[in-house]
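Comments concern the structure below.
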Amino acid sequence: MSWHPQYRSSKFRHVYGKAASKDKCYDCVPITRNVHDNHFCAVNPSFIAVVTECAGGGAFLVIPIKQTGKLDPHYPKVCGHKGNVLDIKWNPFNDFVIASCSEDATVKIWDIPNQLLKRNITTPKKELLGHARRVGLIEWHPTADNILFSSGYDYKIMIWNLDVKDAVLSKPVKILDAHKDVVLSMSFNTDGSLLATACRDRKIRVIDPRAGRVLQEGSYKSHKVNKVLFLGDMKKLFSTGTSLWNNRQIALWDQNDLSVPLLEEDLDGSSGLLFPIYDSDTHMLYVVGKGDGNIRYYEISPEKPYLNYLMEYRSHSPQKGIGMMPKRGLDVAACEIFRFYKLIPTKSLIEPVSMIVPRRSESYQEDIYPLTAAAQPALTAQEWLNGINKGPLLVSLRPGSEAVNSLPQSLEPEPLMKTTDLSQQQGVRGRVLLEDKQKPRDIEDGRKRLKVEERLPKNEQMCLSNGFDVFECPPPKTENELLQMYYRQQEEIRRLRELVIQRDVQIKQLELELRNLCTDTGNY
């Protein structure tokens with residue numbers, strides 16, 4: 001039997017949760033009293049959306065992220081549903097588009113204006129009419145633009161292509177009819193080629209959504225599953241549920257073998273649901289309890305014991321739902337690696353909670369901020385439907401690097417790079433740097449770097465590239481580090497090419513000036 005040390009080395013071992021001060025919270029928010037098991041909150045760097053109480057139908061609030069403090073009781077709502085709103089999700093590639101589903105069996109897509117709301121929004125951009133019963137879950141595809149999944153109480157999952165001009169869609173591009181009961185949870189893998197579901201029949205399924213084929217199906221007698229989650233590229237699934245004795249329970253599964261869980265652990269005897277949230281950049285897993293104020297967090301490793309408990313954030317204020325800020329909206333200067341938005345209906349309060357890595361240095365901490373998913377799609381909807389898989393575009397969170405904001409409402413998405421070879425489209429693990437598609441901005445940054453480098457000593461110019469020591473860097477030990485090294489080398493090559501171009505331009509300008517001087521002297 002192998003011996004495991006009691007303590008393990010980890011840069012996230014001392015991560016702690018920090019609740020925002022009262023003036024940074026959102027007060028007097030009429031949070032919904034619906035008992036449906038969903039987050040009821042969606043966040044992006046521009047807005048926070050929360051399902052609210054509304055007479056005569058369903059509605060939700062969309063509040064600018066910086067508008068903290070007390071909310072006006074007459075603040076405008078987004079109200080177009082005839083039944084209670086059950087789920088809301090922001091488009092990951094457009095901060096001004098949000099989807100909602102309701103008990104009225106419809107899914108609606110809304111355009112949010114880029115200014116403070118002055119009146120209620122009642123007319124959706126698109127309306128999806130396909131389900132026969134209420135719709136409980138919606139999920140945007142993680143890499144393809146304008147692909148939306150919806151799941152209803154008719155036991156069907158529908159795939160919608162929103163790239164069409166019609167305002168009302170009644171026919172989805174695909175219907176997944178593999179479930180015999182209500183779907184409780186949906187989760188995509190990194191490139192969106194697989195869909196994991198948890199069903200009320202206690203079974204976990206891994207589905208190929210385009211083929212409609214169930215690749216894996218399994219259940220375990222001592223684990224009644226409620227929520228399931230893909231753990232990035234780990235080839236593993238994580239689920240939360242209850243045991244035979246109604247204890248709250250977590251389980252870890254092999255993606256290719258759902259017969260027996262790799263790990264099963266009882267947490268406590270509380271009755272509230274557990275929401276699992278995974279951060280693939282830091283390999284940290286957060287387990288948020290509904291009805292209590294606790295957030296447990298773990299670190300996932302590819303080898304045994306797989307799940308390493310780190311700490312637990314505790315609060316006396318129980319949360320009914322939770323929202324998560326995308327990585328591009330975090331405060332990297334404060335070493336913030338995750339941010340939750342707790343819905344506290346007893347106080348009509350939304351409280352931000354930041355997860356922080358304690359560091360003394362005020363400089364950018366590159367080791368805790370690897371390249372993360374950008375706010376631009378890697379594929380068009382039609383490309384994904386045609387069978388192409390591609391991982392998310394990656395971007396650096398370093399201040400001053402390429403812009404990571406989502407597309408504004410008035411802009412059209414940038415055209416994708418044209419490639420004919422499928423293997424070229426997939427690239428290194430299907431991931432492509434966002435910077436490759438922004439050449440004009442790269443040249444501007446190159447000019448700025450050129451001015452800065454002319455002020456630096458020559459030895460610093462040779463050794464440092466974006467604060468990264470090229471010669472003294474240790475060799476990569478993991479696949480993730482190898483990828484980071486590859487992207488750094490690509491960035492360095494691109495930077496050197498820009499410098500060569502700049503020098504060529506300077507040489508041509510000098511030659512032109514010399515010719516002008518020669519002609520001037522010849523005239524005299």
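Glycine is treated like the rest: Cβ placed from N, Cα and C.
When pLDDT values are averaged over the domain 'DUF1899' (5-69), the model yields 89. Annotation source TrEMBL lists domain 'DUF1899' at 5-69.
Look at TrEMBL and you will find 78-112 (among others) tagged as repeat 'WD'. DSSP states for the repeat 'WD' (78-112), grouped as helix (H, G, I), strand (E, B) and coil, give 0 helix, 21 strand, 14 coil.
Taken from TrEMBL, the feature repeat 'WD' applies to 128-170 (among others).
Among the features that TrEMBL reports, repeat 'WD' is placed at 176-217 (among others). For the repeat 'WD' (176-217), same-chain residues at least 6 beyond its ends with a Cβ under 8 Å from one of its own Cβ atoms are 37, 136-137, 139, 141-144, 147, 149, 151, 153, 155-159, 223-230, 232-233, 237, 239, 241, 253, 255-258, 280, 384-385, 387, 389-392, 430.
Here the repeat 'WD' (176-217) is broken down by DSSP into helix, strand and coil counts: 0 helix, 22 strand, 20 coil.
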